[in-house]
Amino acid sequence: MFRRPVLQVLRQFVRHESETTTSLVLERSLNRVHLLGRVGQDPVLRQVEGKNPVTIFSLATNEMWRSGDSEVYQLGDVSQKTTWHRISVFRPGLRDVAYQYVKKGSRIYLEGKIDYGEYMDKNNVRRQATTIIADNIIFLSDQTKEKE
């Protein structure tokens with residue numbers, strides 16, 4: 001019953017050696033990022049002449065773990081690592097909503113893709129930048145309500 005649909009799906013993801021030269025255009029790939037964290041700064045809206053405007057902000061995610069050699073897992077010291085992500089929002093509707101409603105300290109969930117690029121800094125030195133391009137943002141907290 002499910003054999004035929006499963007084979008159809010697998011054919012989309014599997015490339016045979018003999019098809020290498022003819023099916024490169026049809027090959028599927030995946031670039032998805034899911035982040036849950038707190039906004040580190042209020043967003044800024046930037047527009048470079050001749051390019052689409054973009055809303056940019058930073059997002060912190062935390063990884064926590066217990067360390068120690070104790071057999072009782074709960075007795076170890078808690079360690080934490082914070083990772084900062086640069087978020088860019090290009091989609092017109094989402095870009096405007098993010099600029100207006102994303103605030104420093106807000107807890108959000110976002111989906112997007114990772115992008116690696118290069119730019120020239122003020123000293124004309126080539127730098128690499130990693131950016132998360134957001135496709136969807138879900139607001140999990142309202143900063144104004146949390147402050148009350």
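A Cβ is built for glycine as well, from the same backbone N, Cα and C atoms used for every other residue.
When you go through S18, S23, S79 in Swiss-Prot, the residue listed as phosphoserine is S79. Just one residue in K51, K81, K113 has N6-acetyllysine written against it in Swiss-Prot, and it is K113. S79 (phosphoserine) falls within a strand when secondary structure is assigned with DSSP. For the domain 'SSB' (30-141), residue counts in helix, strand and coil come to 13 helix, 65 strand, 34 coil, using DSSP. With the fewest other Cβ atoms inside 10 Å of its Cβ, the least crowded of the modified residues K113, K122 in this structure is K122.
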